[in-house]
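Asks: TrEMBL lists these features:
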TRANSMEM  21-45  transmembrane segment
TRANSMEM  86-106  transmembrane segment
TRANSMEM  118-136  transmembrane segment
TRANSMEM  142-165  transmembrane segment
TRANSMEM  206-226  transmembrane segment
TRANSMEM  232-256  transmembrane segment
TRANSMEM  327-348  transmembrane segment
TRANSMEM  360-384  transmembrane segment
TRANSMEM  390-413  transmembrane segment
TRANSMEM  457-476  transmembrane segment
Amino acid sequence: MTSHNPANEEEEELTTRELRAWYITFAGTEPYIVAVLSVFIPIILETYSSQAGFKLEDRNVPCDITIEDYKCVTKFGMWYVDSASYSFYIIAASVLAQCLVYIGCGSLADFGNNKKKMLLGFAYAGAFFTIGYILVLNPNMYWLAGLLAILSNVCFGASSVFFLACIPSYAHVHPDVLQVKRNDGTEKEIHDIEEKISNQLSVMTLFWGIPSGIFILAICSVITIFMEDKMLSLKIGCVISGIWCIALLTFPVLWMKNRSGFPLPKNQNYFTLSFKRVGRTIKSARELIEIVKYLIAWFILSDGFGTVRTVGTIFAKKVLKLSQIELLLVSIVLPLSAIFGAYGFLRIQRYFNLSTKKMVIITTSLLCLAPAYALCGFIAPFGFKHSWEIWLFAIYYGGLLGATQSFCTVLFSSLIPKGHENEFFSLNQITDKGSSWLGPLITGIISDVTHDLRNSFWYLFFSLLIPVLIILTVNVDKGRKDAELFAENEKILLKNQINNQDYNENEEEKEKEIV
């Protein structure tokens, strides 16, 4: 019996059409992050939960959202929570649900022929749940808006596991990398070209995804201007985003190759094997200590990324009283700045010949200044005291956000054992979403206790500062060597399992012949 060997498929050269289909996939799914999750959902949840809530001082009097810096509470299960906290708690619940899904996804991509199916399947499901917002007919259905937020976020998050895992896989088979290998390049030359290609792939996704998100935001802005029902315009924006995703996914369906992984070991199933592999990976932490340090930093940092945007949106709406149109326009400026920032910092990296690790440290250190500026508002006449400051924040934070996320993805890719991309990117997403509930939960509690969103920026400041200190200790060269050794040991283990499987099957066939 001959075993399937994916090595040949791994060396099949990446084509322009397949790469373009991968980019288009991101163009279809990224509007959910740029527009729906970052802008539409927080506004819908906060507005509807407030309209269905009551005044803080008297829980029998309906909330009046027309007054400045209103303080209201909303029923959340058996409790009453601050209406601004409701969206935080919903997002926290959604990312907790994501963790279990991510663990179960690892082996679905690394074994068998499931990569393409799972990438597109979860994206389609997320798009349909996003379209479902049109069914939220009135403020009393804020619970349905929360449920759809959880389901759509879980699906798009799972899809991103398979999407991001393509970066190291595609870098290995990129024409430029294969050319260096054919010319018998040194190990350092191969690593350097793979890192360069990984950075290029990561940045290029922004040039496809962010304009797509801006396009959806722009359409929704126009609809909002001409529609009297502002909430309906946001729900229509969700529908358009879902339809846009479904339409663009046609191209990866037709053009993306289904690059197979290793055969599933006998007497194993995908779901339980995923949990076993993640468990084994965690147990192997002593062999991959540099990845562990990175993941600890990413656990904290990714939480800060997402929470800053959510808190900023609600702070601008509730405290600074930005209109819905202004919020949409600010949300266009932020991702637009991310494109220029990612490209600009990539040019800076190449000009000064800086490592990816150094770029992560530089951009993350600069990000810390954003919440620090907001904290100045406690004692100074500036620090998010005026609406115009939000525009400066969008330009500054957006310009750094795209670059930081891109460099972090590449840094992590350089530490992953070859052949385990999906498994480790699943672990990366578990780390990401495993903390992403923490920020919304803590800021929700802070808002509940103090009824002042500005206090939330203390947490956000330290969630961006601490990862810088941890990443400073990461030894990339050692991490890469550890990853190579880990991958080699895993190959030997898997080969032995397959050989034992073939031997047992041959013995069974001999016994049948004797009988």
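Each residue, glycine too, has its Cβ placed from N, Cα and C.
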Asks: Which stretch from 21-45, 206-226, 327-348, 390-413, 457-476 shares the most C-beta pairs under 8 Å with the transmembrane segment (118-136)?
Replies: 21-45
Asks: Short question: most Cβ pairs under 8 Å with the transmembrane segment (142-165), which of 21-45, 206-226, 327-348, 390-413, 457-476?
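Replies: When the Cβ pairs under 8 Å are tallied, 21-45 comes out ahead.
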Asks: As a test: from 21-45, 206-226, 232-256, 390-413, 457-476, pick the stretch that has the greatest number of Cβ pairs under 8 Å with the transmembrane segment (327-348).
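Replies: The listed stretch sharing the most Cβ pairs with the transmembrane segment (327-348) is 390-413.
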Asks: Is it the case that the transmembrane segment (232-256) and the transmembrane segment (360-384) touch, counting contact as three or more CB pairs under 8 Å in which the residues of each pair are 6 or more positions apart?
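Replies: They are not in contact.
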Asks: The transmembrane segment (390-413): which same-chain residues, six or more beyond its ends, come within Cβ distance under 8 Å?
Replies: 164, 167-168, 171, 195, 198-199, 202-203, 206, 210, 291, 294, 298, 301, 305, 308, 312, 316, 320, 322, 330-331, 333-342, 344-346, 349, 356-357, 359-360, 363-364, 366-367, 369-370, 373, 384, 421, 424-425, 428, 474, 476
